[in-house]
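Visitor: There's a structure below that I have some questions on.
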Amino acid sequence: MHELSIACEIFEQVKVTAEAHGATEVKHVTLQMGRLSHTNPEQLSFCFKTLAEGSIAENADLIVEMVPPTLECECGYTGTIDQERIRESNELTSELLAYIAAMDCPVCGKQAHIAGGRELIIKSIEIETENENESQR
């Protein structure tokens, strides 16, 4: 379960960032997670909430925005992969990965390569500070 080690890194970054900005509470953490990151959002959320117990992030909502895989080709084409095929499977099976890896460019027909969809980025951390009664990002 590599979600635990990922959650540890996210929690540490959230904690350091929140403390650096004088936070009294972390309200929301928004992540951008690539569909090809091999990370289970539910397991990641569970691990994060477990790590956050007793901290300023204890009540934080972990919001995961899924990022679709994208292709690039040497001809200049950039685009997303057919989402219908990906939605059919909740898991990244070897068959689905083989399909994605072998995709041809819809413009020139050459084999394209995966350019995005593997990322895991902290997009935003919404905090509350003692000096302000309103939240800030």
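Just so you know, the numbers here start at 1 and follow the chain as drawn.
For all residues, glycine too, the Cβ spot is worked out from N, Cα and C.
The structure displayed is predicted, hence computed values, not measured ones.
Marked as Ni(2+) binding site by Swiss-Prot on the basis of sequence analysis: H2. According to Swiss-Prot, the Zn(2+) binding site annotation covers C73, C75, C105, C108.
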Visitor: Taking the Cβ of C108 (Zn(2+) binding site) as reference, which residues of that chain separated by at least 6 in sequence fall under 8 Å from it?
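Guide: In sequence order, the residues whose Cβ lies under 8 Å from that of C108 (Zn(2+) binding site) (at least 6 apart) are C73, C75, Y77.
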Visitor: Going by DSSP, is C105 (Zn(2+) binding site) sitting in a helix, a strand, or coil?
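Guide: Once the DSSP labels are grouped into three classes, C105 (Zn(2+) binding site) ends up as coil.
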Visitor: Have a look at the binding-site residues (C75, C105) and report the one with the fewest Cβ neighbours inside 10 Å.
Guide: C75
Visitor: Determine, to the nearest whole angstrom, how far the Cα atom of the residue listed as 'Ni(2+) binding site' is from the Cα atom of C105 (Zn(2+) binding site).
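Guide: If we compare the Cα positions of the residue listed as 'Ni(2+) binding site' and C105 (Zn(2+) binding site), the gap is 33 Å.
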Visitor: Count the other Cβ atoms sitting within 10 Å of the Cβ of C73 (Zn(2+) binding site), across every protein chain shown.
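Guide: Cβ-Cβ neighbours of C73 (Zn(2+) binding site) within 10 Å number 20.
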Visitor: Within the same chain, and leaving aside C73, C75, C105, C108, name every residue whose CB is within 8 angstroms of the centroid of the CB atoms belonging to the recorded Zn(2+) site, in sequence order.
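Guide: Near the Zn(2+) site, beyond C73, C75, C105, C108, sit E74, G76, Y77, P106, V107, G109, K110, A112.
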